[in-house]
Amino acid sequence: MRKFKALLVLNLKAMLSSFRFGGKKKALSGVGAAAFLAFLGLYLSGTYSFLLASQLAPLGMVRLVILMMPVLVVGMGLMFTVFAAQGVVFGGRDNDLMLSLPVSAFTLLLSRTLALYLENLLFAVFVMAPAGVAYLAYGGDGGAGFLLTLLLCTALLALLPTTLDLAVGFVLAWLSGRVGKRPLITNLLYSGAFILLLVFLFRLNFSIQNLTLSAAAGIESGFSLWGLPFALLMEATCDGNFLSLILFAALCVLPFLLVVWLFSGRYGRIVTTLGAKSARSDYKLGVLSAAGARRALLMKESRRFFSTPIYFFNAGFGLVLMAVGGPATLVFRSKVEEYLRELGDFAALLPILPLLCAALAFLVTMTAITASSVSLEGKMLWILKEAPIPYEEIVAVKAGFQLLLELPCLLLASVCLTFAFSLGGADCLILFLVNAVLAVFCALFGLFINLSMPKLDAPNDAIVVKQSGAAMLGTFVPMLLVLALSFAWYFIRVPMGELPALLVCALPPAVGSALLLRLLNTRGKKLWLEL
């Protein structure tokens with residue numbers, strides 16, 4: 001039991017990667033990642049649950065909140081933890097060490113699966129709790145009995161994303177071994193997952209805006225097949241149906257036990273096979289091409305970024321949205337014009353340019369390539385440090401690579417938005433330049449924070465990109481800056497005017513970039529030498 005507990009704690013820490021601060025290298029045991037999951041669950045569920053409940057209560061169908069929020073638990077839980085299942089359960093770098101310990105492969109699998117379940121349970125609790133409060137606040141029946149049943153069902157519900165994590169994580173680990181040299185195929189697979197998530201969120205927003213009695217009834221009937229577990233959960237909690245509770249428990253527990261049983265008997269062989277590397281037999285003599293140090297570093301950054309799907313879609317998702325969303329506004333320009341016409345005189349009062357600038361700014365902050373670039377060097381960092389390349393050139397290439405990708409996407413989005421909203425050439429220039437200054441700040445800030453909080457011992461890339469302290473701060477601190485500047489613009493726009501106020505808001509990122517450049521050349525160099 002002591003061995004199992006030690007393995008459980010170890011694997012839970014691996015999934016909820018720790019923050020590291022300064023030179024003391026003290027870990028907070030995943031508290032930051034756990035707090036982020038809890039906050040995200042509270043925010044999403046609190047927003048959608050109360051919004052849905054306010055629309056459904058007049059129709060007498062507030063129970064649909066309890067039907068729809070579990071879908072968010074499973075969908076978001078799968079998105080957040082499937083990479084942990086792939087990397088920790090099946091693709092951990094320490095698998096050889098773990099399998100050599102005096103514990104059975106089944107014990108190792110069980111500890112990793114339980115750690116995965118606890119992470120899903122954390123998110124499920126903070127999603128279903130606001131949903132239950134919204135249900136009761138808007139006249140739902142049940143009282144204390146409802147809350148107790150909801151608590152039990154939440155514990156069972158977390159088994160669904162855990163089961164899917166194990167199945168999908170195994171498939172992804174297998175595919176990674178088979179298509180490791182074909183990043184395009186792997187990136188397309190991850191693109192499909194993101195598209196499905198966006199489609200669900202858009203449809204949920206559309207459903208909220210167009211709720212009627214018949215539409216609400218249609219939602220409930222639509223869960224009769226694929227959403228049967230969620231329908232049973234609603235009946236068990238809202239109606240107190242004991243048979244539905246038993247059936248829901250069976251649909252959650254039995255697939256989970258089946259998947260664990262399938263992996264348990266051959267887990268050691270599975271992880272060994274997935275981690276095996278085959279030697280090539282098709283080597284051919286040829287002339288090697290030569291390149292300068294800067295170009296070699298740039299190609300190295302490019303290969304890592306585009307051949308690591310978890311890195312590409314988490315650190316570069318803002319690039320995707322700018323490259324796709326900008327042209328989309330041109331394609332659907334008629335829809336944009338129709339929407340503005342529906343607003344009537346109110347459209348003339350809207351600060352279109354500042355709103356577009358703020359929207360692009362948030363997409364810029366979603367590009368945080370440099371916040372993980374140092375940590376992803378991992379155990380190979382010594383090669384880069386021992387190479388005859390100055391520190392200043394390494395920093396310039398890492399920051400420059402992000403800007404090399406981001407600025408063209410930003411320019412494309414700015415031009416497309418200018419035409420879609422019938423703005424002028426000067427507006428396009430301002431839209432681009434203001435966000436270009438922010439892009440420089442984000443690149444330098446991400447690099448400095450990664451030097452300050454490196455995560456070189458992560459068991460897999462997913463931990464570095466999704467859960468390390470540098471990756472989180474490299475994204476959310478610039479987002480908070482944009483939010484603060486948006487409030488500042490709102491208060492200074494009246495005395496200064498909309499356009500001058502917008503230009504003033506570009507000053508803090510510009511000054512911050514200059515300070516960060518100074519810090520990277522002084523404090524950053526010391527941090528680099530200490531790595």
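Keep in mind that glycine also has a Cβ here, set from the backbone N, Cα and C atoms.
Just so you know, TrEMBL annotations never went through curation; they're auto-generated.
The transmembrane segment feature in TrEMBL is assigned to 30-52 (among others).
According to TrEMBL, the feature transmembrane segment maps to 97-114 (among others).
What TrEMBL lists as transmembrane segment is 121-138 (among others).
Sequence annotations record features per position, and here TrEMBL assigns transmembrane segment to 144-175 (among others).
Positions annotated as transmembrane segment by TrEMBL: 187-206 (among others).
Here TrEMBL flags 212-233 (among others) as transmembrane segment.
Annotated transmembrane segment per TrEMBL: 245-263 (among others), in sequence order.
Positions annotated as transmembrane segment by TrEMBL: 310-332 (among others). A Cβ distance under 8 Å defines the sequence-distant neighbours of the transmembrane segment (310-332), meaning residues of its chain 6+ beyond its ends; these are 83, 187, 190-191, 194, 304, 360, 363-369, 371-372, 376, 405-406, 409-410, 412-417, 419-421, 461-462, 465-466, 471.
Below 8 angstroms of C-beta separation, residues 301, 304-305, 308, 311, 315-319, 321-322, 325, 398-399, 401-402, 405-406, 410, 413-414, 417, 421, 423, 427, 430-431, 434-435, 438-439, 442-444, 446-447, 449-451, 454-456, 458, 461, 464-465, 468, 470-471, 473-475, 478-479, 481-482, 485-486, 489, 493, 498-499, 501-502, 531 of the same chain, each at least six residues beyond the ends of the transmembrane segment (352-376), sit close to that stretch. The transmembrane segment annotation in TrEMBL covers 352-376 (among others).
The feature transmembrane segment is assigned by TrEMBL to 429-449 (among others).
Annotated transmembrane segment per TrEMBL: 470-492 (among others), in sequence order. Under 8 Å from some Cβ of the transmembrane segment (470-492) lie the Cβ atoms of residues 32-33, 36, 314-315, 354, 358, 361-362, 364-366, 368, 370-372, 374-375, 438, 441-442, 445-446, 449-450, 452-455, 464, 501-502, 504-505, 508-509, 512, all in the same chain and six or more residues away from its ends.
Among the features that TrEMBL reports, transmembrane segment is placed at 498-520 (among others).
Residues of the same chain lying 6 or more positions beyond the ends of the transmembrane segment (245-263) and with a Cβ under 8 Å from any Cβ of it are 109-110, 113, 149, 152-153, 156-157, 159-160, 162-163, 166-167, 170, 228-229, 232-233, 236, 270.
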